[in-house]
């Protein structure tokens, strides 16, 4: 372990020195630094993309850092199970056995959040018992009708592995953890001989007033939209359609005076969840006027057009382009491929702004 840790530390030191060198050089050549904002409504996948940047372009997560996420994974599972249990009454779904119903009541009263380093054995037994009930799984399938983390099904289907002694979260486990972003989270990395300063800002309504402090000298912004949330409502008010809220927010961002010269990339995220959902939940939940087929190709193209139509930016007589990518933030290979293409766009637009392209 000592050898592994020293190699990880050495890699981190080398990257840190390279970042320090580029920061020093940046005083002479500002084009070497790319300031990138991640914007979007809450739960659109911004924080997951930021984690991917660390995995792809930095040292990733050491064994010790992965252990720290154990409590977060446990907490996410317990919150998800509690949410499903509470939703069953609202959805009029019954437990299949009285024992499972009794265990569910015990689980709700258990005095832990799960954010400890180990799960009590009694809690593990209750969680597995409750998850085995077909009523719980029916309620999970109807998660659009209440508030539930996207990761719930992923974690619950792997309870045996996650609840095993000495469990250490995998990279995929970490990518799916849900921690509400408050304030501004920054990460730095070097890619294609550029220093990237990436800022993830909270997406909930209460957090958006903090965005203004990031607007100065922005090279590019990535606006994230969760495709799969077209039939869901906001956590904040339980009435407003989430995609309608994202459209309104995107309108205010892409046509903002701060971003007239800024490269804007639209990430239509959670395409995997959208592809599963669209065949059983029509797009008319969000767009009553939609007359196309409820399949991935037509429905995703329609959503893309709705967002791109919001763009009113012009420079002189020329419309400023929006660059759209369909993404799955939990798929490292997809994000690696997409970010490579996006980086070329950002560098090209930055050179053009400086009159060098």
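All residue numbers here begin at 1 and follow the chain in the order shown.
Placed from the backbone N, Cα and C atoms, the Cβ positions cover glycine too.
It is 173-181, from the ranges 164-172, 173-181, 182-190, 209-217, that Swiss-Prot records as region 'G2 motif'. Put simply, of the binding-site residues 40, 175, 201, the one whose Cα is nearest the Cα of residue 181 (Mg(2+) binding site) is 201. The list of residues near the region 'G5 motif' (327-332) in space but at least 6 beyond its ends in sequence, with Cβ under 8 angstroms from a Cβ of it, reads 45, 48-49, 52, 55-56, 171-172, 175-176, 224, 267-272, 338. Under the DSSP three-state reduction, residue 175 (GTP binding site) is assigned to helix. In this structure the alpha carbons, written CA, of residue 179 (GTP binding site) and residue 47 (Mg(2+) binding site) are 8 Å apart.
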